Amino acid sequence: MSEKASFRSNGGVRGWLGRQPVWVRWLVILVAAVAAYMLPYIGDVPVIGPQIVTEGIDWPSALFNMSYYVLLALGLNVVVGYAGLLDLGYVGFFAVGAYGTALLTSPDSILYEDTGWKWLMAVPAALILTMIAGVILGWPTLRLRGDYLAIVTLGFAEIIRIVATSTDVLRGDRGFASIPHPPGSWGGEPIFGVTDAIPYFWLGLTVIILVILGVRNLDRSRVGRSWLAIREDEEAAEVMGVRTFKYKLWAFAIGAFIGGLGGVLFAGEQSFINSQTFVLQFSILVLAGVVMGGSGNMAGAILGGVLISYIPDRLRGLSVGDTDLYEYRFALFGAVIIIIMVLRPQGLIPSRRRAMELKDREKEVAPQ
Amino acid sequence: MDFSGLIDNFGPLTVTGLAQGAIIALFALGYTLVYGVLRLINFAHSEVFLLGTYACLFAWGLFGLDQNSATPAVGPMLLYMVVGLIAAIVVSGAAALTVEFVAYRPLRRRNAPPLAFLITAIGASLFISEVAGVLTHRNQTGVPPIIQARPVFTIGDTTVTNLQLLIIVLALVMMFVLDRFINGSRLGRGVRAVAQNPDSAALMGVNKSRVIALVFLLGGLMAGIAAVMYDLKIGVTRYDAGFLLGIDAFTAAVLGGIGNLRGALLGGLLLGVLQNYAAGLFGSQWLHAASFVLLVVILLFRPTGLLGESLGRARA
Amino acid sequence: MSEPHKETPEELDRENARPVADPAPTGGPQAEPTPSPVRDEGVLLEVDHVTLRFGGVVALNDVSFSLRKGEIFGLIGPNGAGKTTCFNAMTGVYRPTEGQIRFQGESIVGKKKHQITRGGIARTFQNVRLFPEMTALENVMVGADAHHKTSVISALFRLPRFWREEKSGRARSLELLRFVGIAHRAGDVSRNLSYGEQRRLEIARALATNPTLLCLDEPAAGFNPAEKEDLLQLIRKIRDTGVTVLLIEHDMRLVMGVTDRIVVLEFGKKIAEGTPAEVRDNPSVIAAYLGVPTDAA
């Protein structure tokens, strides 16, 4: 079983890529990045293009949706995939990022008199706020065992939602309107307008690329090694001198930061948020995406993030007979999740390092 | 904060809390049993409960009952109760088994990582609740008034209704029966053996797959009973009722010590009561927030819950 | 983020550059004792009247002994004698109910596991506990990271410290793999290593934390005689680099062959202490453990 898994990780596209010289690798990555930036125009590709683009929602907006889902998946992947911490309330950080932005910029905010900042000014503040939220949540809870962490994080997201719904400061259903868009203009027209979502997608994609580079740097360093060691055998890691709590907290804070980025972008594009935006099902969806794609590896997380956003959007406006498929989007989605996980328990793109779960299983079968 | 509100209504809040907690406790058993044996958060258990709430409504519907019907006399009422309970138990039990067979067993065969189980569970949960949502057009469904809530006795200024009494007593009885079953019967011994050490249990001739199926079934049966009680108490059900109460039930299981049957009872009752106090103190929208804060505080001081995790071995 | 490091970076580099096989019987620069109430300058670790109870069970009963710098010290006893309990107390896993454990004159009771490791005590596990999905080299680098100072920020932006420590850690880890004789498996995922290689890898990983004291928990379990002989060589080689070795072992032949001094535990009490020869001839040891005296020779 394990032999087979390790064999597989050497084959396939990644195995091939790993054996190529550095310049080939960079070329492939560059081509992929350029192709990603061209995605808004994929509808113009004959034959395949029209099949891919969404019908019930304009394609650039669907792409933007994918971009913040991918961001969330990447962030959650740090927490769940790398450090092995089961976070069921990840949407909480997304919400903190979005609300942070709204509070600092929207005319509806009670802080508007004092702040009323531009979007760009609010970004760093909102991100710091999410990281603080990550640390505040992590500090007491990361000492708890895995399953308990899951329920406590679930509670955190629920508390955020309750606070958003029932306090005057966060305005509940009424929400925050007129959150400013990102800055910049092109030929006298603002780049980030109301009608065209393409610039937002490009912005999201750029942020995604930066996040990928950053997470990759962390992964291939002492930090990544510590996370992996914690995931595989926490006690052994500690005995080897790894400060487990510190690194778990960092994983939480970094995950929160990335989730906050998603929230900040979301607020900047939508320009309106309210308490209905951040339902709990949302973070469970993102978790499903990460694991479905293949947790512990960024390609898998990205694929998962794309799927959880694309599938429902693609179903929008489609109907079979009299039934509107969009109504059934989550039901279908649930079925798809089961099928994928039953067929590929390690996710669509298995991580090279995904043995901890396997090993855990073995431990349970044969304790001591 | 409304201290006087809490103090003035202390008795009523306690009684409603106990009734609410009894339902939560029955619901929580499903989480605790499955976790005790498989170390798995059965996320789809909330939908097992949900199907129970609809099943008994459906059965009552067959008698022509709906939310506008008149309250039946004692004789028919008993009949309806029995029929409703049977319908809910059968459907919930069957749903629990189906989830095990469709979503978990194939993964176990493939030795999948624990996270994969959680995700299929989420998939199953999403599927069931969303289908229910589409079929009911995401509206709530009213419950026929099978039992007229009537005060039975009064202590001080606290009245206890027949419904509250029924819920609490039924939960305690079921709890007792289940406890005897797990600790006294041969099948129950198999459950405990697998919980403690699946491998040597298998060597001793315990059929692990059957034990696992049994555990899902038991959890489903209890959820079915909880579902009927929920219908009677709340008066409506909705496609997301399972999800919301499921969070409470899981919290209760963890609070008492997940994997521990008596822990689920204690956790459920405690949670129900404290949620009501918190609602009295801060307003009902803070009910869930309060229960989570409580959970974190308790886990920090007692990392394995109030009673420890003892269906199997206690884990460090 | 500052750690209680004793070494300056230069010393650390010197440590790294030091050929591991270099004989330095009285310990390297890291063995310099901090000002402390040590009575005997030669004492490295002192177990001082330690009692450990689990509920009503007394696992260790008023046990005292001490390890001297540069020796190979054996801790033996029949099954259930409290060896592993004692070992776990010495490495910070258990906290003694009574008594003190001092390392280089400083109490280690109540310290965190990673602090104890950074302080200079490294250990292996009775049942090998590597990070199975990491390569052999990465496993050792986790140990080497114990003394690194690369922060999350410098890793994120690949600042100079990251490159410097990554390079030196890598070099040192490779050197240790060579030292234990499995350099050719450096790039293999550790769960694919043979059992003997995994044991050696665990020792290399422990050595990477730059220990003053290396604790080996039944390192020869499951070895055949030839492998045991190789292990003896390795333990001596480790001692010759200046690292004190604590050995918990079942196999009397192995213990007698390599240790300088031995403590014997039975039912949580110390029943004998001395050189292998003294212990072998001790009647209570014979009665308790060896059974037939000729067996051990």
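Note that Cβ sites are derived from N, Cα and C of the backbone, with glycine treated the same way.
Pulled from TrEMBL, these are the features on record:
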TRANSMEM  A:23-42  transmembrane segment
TRANSMEM  A:62-83  transmembrane segment
TRANSMEM  A:90-107  transmembrane segment
TRANSMEM  A:119-139  transmembrane segment
TRANSMEM  A:146-164  transmembrane segment
TRANSMEM  A:197-215  transmembrane segment
TRANSMEM  A:249-268  transmembrane segment
TRANSMEM  A:280-310  transmembrane segment
TRANSMEM  A:330-349  transmembrane segment
Legend entry - Region pair the transmembrane segment (A:249-268) / the transmembrane segment (A:119-139), three or more CB pairs under 8 Å: yes
Inset, instruction - Take a look at A:119-139, A:146-164, A:197-215, A:280-310, A:330-349 and tell me which one has the most Cβ pairs under 8 Å to the transmembrane segment (A:62-83). - result: A:280-310
Inset, instruction - Go through the chain and flag residues at least 6 beyond the ends of the transmembrane segment (A:90-107) whose CB is under 8 A from any CB in it; none is fine as an answer. - result: 72, 75-76, 79, 115-119, 121-123, 125-127, 129-130, 133-134, 137, 153, 156-157, 159-161, 164, 169-170, 175-180, 255-256, 259-264, 266-268, 273, 277-280, 282-283, 286-287
Legend entry - Among A:197-215, A:280-310, A:330-349, stretch most in contact with the transmembrane segment (A:146-164) (C-beta, under 8 angstroms): A:280-310
